[in-house]
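Asks: After the structure tokens below, expect a handful of questions from me.
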Amino acid sequence: MAEQPGAPHRTTGSTLLHPLSTLLGIPLDQINFVACQLFALLAAFWFRIYLSPSHASSAVRHAFATLFGIYFAVFCFGWYSIHLFVLVMMNYGIMNMASIPNIHRYSFVVAMGYLTLCHISRIYIFHYGILTTDFSGPLMIITQKITTLACQLHDGIGRQAEELTAEQNRLAVKSRPSLLEYLSYLLNFMSIIAGPCSNYKDYIAFIEGRHVHMKLLEVNWKQKGYDRLPDPSPTGAVMYKLCITLVSLILFLTLTKNFPMAYIIDNEFLDKTPFLSRLGYLYVVTQAAKPKYYFAWTLADAVNNAAGYGFSGVDERGTFRWDLLSNLNIWNIETATSFKMYIENWNIQTAAWLKRVCYDRAPWYPTALTFILSALWHGIYPGYYFTFLTGILITLAARAIRNNCRHYFLSSVPLKIAYDIVTWVVTQLAVCYTVAPFVMLAVEPTIKFYKSVYFHMHILSILVLLLLPLRPQTHSLRRAQNQAVMNSVKSKDK
């Protein structure tokens with residue numbers, strides 16, 4: 001009897017863990033993914049302790065990280081992992097042969113073009129609408145890294161320092177990397193399976209043992225009573241992130257399967273459920289879809305931290321921070337009071353990549369071009385484009401409302417609290433409305449969903465953009481600010 005797509009033992013990689021997959025009833029590709037990440041976690045601890053910069057040369061660390069990364073890719077994706085290696089080597093050729101003024105353009109076109117072709121072929125290989133843990137995920141991360149390095153190399157060699165922003169100047173790469181450095185950056189075992197994308201200079205500093213030291217030098221430790229630089233350990237951060245990972249896994253295995261997104265377009269549900277109840281259920285199913293992302297991204301962050309990578313400095317309380325590579329801030333996501341705040345805390349490293357390679361470099365319409373690039377990078381399912389085009393509209397409308405209205409609610413604490421409550425509800429519902437097509441993928445269920453909720457967010461966003469200017473009038477803003485100051489002075493006098 002032929003295999004059914006999505007059966008527990010379906011995979012493109014190793015079948016070694018097939019018995020475990022059958023026992024747990026979980027698809028083998030997902031078992032392989034988790035097994036590789038857990039093994040990477042153990043390897044990361046070993047790497048930090050026994051292959052630390054004081055025990056091994058940079059070349060040895062590069063080689064170990066690369067070889068283990070290649071092994072994990074082959075274990076998870078089998079022969080399909082060749083796509084990763086083909087793209088890596090194609091762009092290594094471009095990086096060494098292309099002229100510096102064009103290196104970022106050629107690298108971007110080739111990497112995004114190859115990724116798009118693989119997205120198209122993936123639909124036919126893995127069947128339309130069936131998501132699986134396949135080679136496209138690592139290919140997306142490698143595409144980010146290739147284009148990031150190309151842009152930063154262009155900044156470092158092809159542009160003058162005064163032409164760069166402060167961030168571009170800090171991250172600019174002054175010389176082409178060697179083949180070993182290049183392979184290690186793109187294929188290292190810490191990020192080959194689930195990312196995240198990091199900056200080339202940060203990664204090289206980590207391999208060479210300068211990563212933590214550079215961040216610590218930003219603080220005056222003598223004032224804090226230290227005779228020498230401290231040696232921060234990532235163990236506490238790793239344990240904390242593993243606890244989040246465990247909770248996310250439990251929620252995924254229970255909550256996610258019991259609240260499928262498809263139910264919001266079920267005919268019986270639509271016939272019997274009032275509009276406001278449908279919005280409430282939309283929020284619930286969207287919440288239920290999040291744990292798998294929380295699990296994968298937090299575990300990936302823990303793997304990098306365990307290897308000693310991801311130190312970002314010291315906070316105001318003197319606590320060591322290991323969030324340089326964090327891909328999300330769960331608290332800020334769940335309490336976001338604006339669309340912008342939500343986006344900035346979700347898939348943080350991808351948002352940073354979009355900003356560095358597109359938004360900061362786009363000659364016109366940076367917001368629209370950034371959303372379109374994000375959709376193209378994710379894949380070619382129509383649902384992605386519904387999500388990101390809707391996101392453009394809602395982002396512009398939210399920006400107009402905030403610029404024109406927010407300052408009127410800052411004059412007193414009760415008004416500010418009321419504003420925050422209302423904007424939290426609207427933001428969460430707007431996000432749910434926007435991302436539903438991302439999960440549904442196809443055109444028909446997306447249109448059915450939007451019809452069932454009367455396209456209300458689209459209509460409201462268009463009305464806002466028609467009625468409110470994107471930038472508030474200066475005299476109105478100044479008058480509201482002066483009123484807020486006067487109220488503050490009066491309250492102090494009392």
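Keep in mind that glycine also has a Cβ here, set from the backbone N, Cα and C atoms.
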Asks: If TrEMBL is the reference, give me the range from 294-310, 362-378 marked as transmembrane segment.
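Replies: Comparing 294-310, 362-378 with TrEMBL, transmembrane segment matches 362-378.
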Asks: Do any residues of this chain, six or more beyond the ends of the transmembrane segment (362-378), have a C-beta under 8 angstroms from a C-beta of it, and if so which?
Replies: 112, 115-116, 140, 143-144, 350, 354-355, 384-385, 387-389, 391-392, 395-396, 438
Asks: Report, as numbers and ranges, which residues of the same chain sit near the transmembrane segment (384-401): CB under 8 Å and 6 or more residues beyond its ends.
Replies: 338-340, 343, 367-368, 371-372, 374-375, 378, 427, 430, 433-438, 441, 443, 446, 457-458, 460-462, 464-465, 468-470
Asks: What else in the chain is close to the transmembrane segment (453-470), if you only count residues 6 or more beyond its ends and a Cβ gap under 8 Å?
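Replies: Residues packing against the transmembrane segment (453-470) from afar: 275, 278-279, 282, 390, 393-394, 396-397, 399-401, 403-404, 429-430, 433-434.
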Asks: Using a Cβ-Cβ cut-off of under 8 Å, list the residues of the same chain that are 6+ residues beyond the ends of the transmembrane segment (421-441) and lie near it.
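Replies: Contacts of the transmembrane segment (421-441) (Cβ under 8 Å, skipping residues fewer than 6 from its ends): 128-129, 261-262, 264-265, 279, 282-283, 286, 289, 335-339, 341-342, 378, 381-384, 386-387, 390-391, 394, 398, 449, 453, 456-457.
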Asks: Taking residues 6+ outside the transmembrane segment (237-255), which of them lie with a CB under 8 Å of any CB in it?
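Replies: Counting only partners 6 or more residues beyond its ends, the transmembrane segment (237-255) has Cβ contacts under 8 Å with 287-288, 291-292, 294-295, 298-299, 301-302, 305-306, 310, 320, 322, 330.
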Asks: How about long-range neighbours of the transmembrane segment (63-86): same chain, 6 or more residues beyond its ends, C-beta under 8 Å?
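Replies: For the transmembrane segment (63-86), the far contacts come to 11-14, 29, 32-33, 36, 39-40, 43, 47, 51, 56, 114, 118, 133-135, 138-139, 142, 180, 183-184, 187-193, 207.
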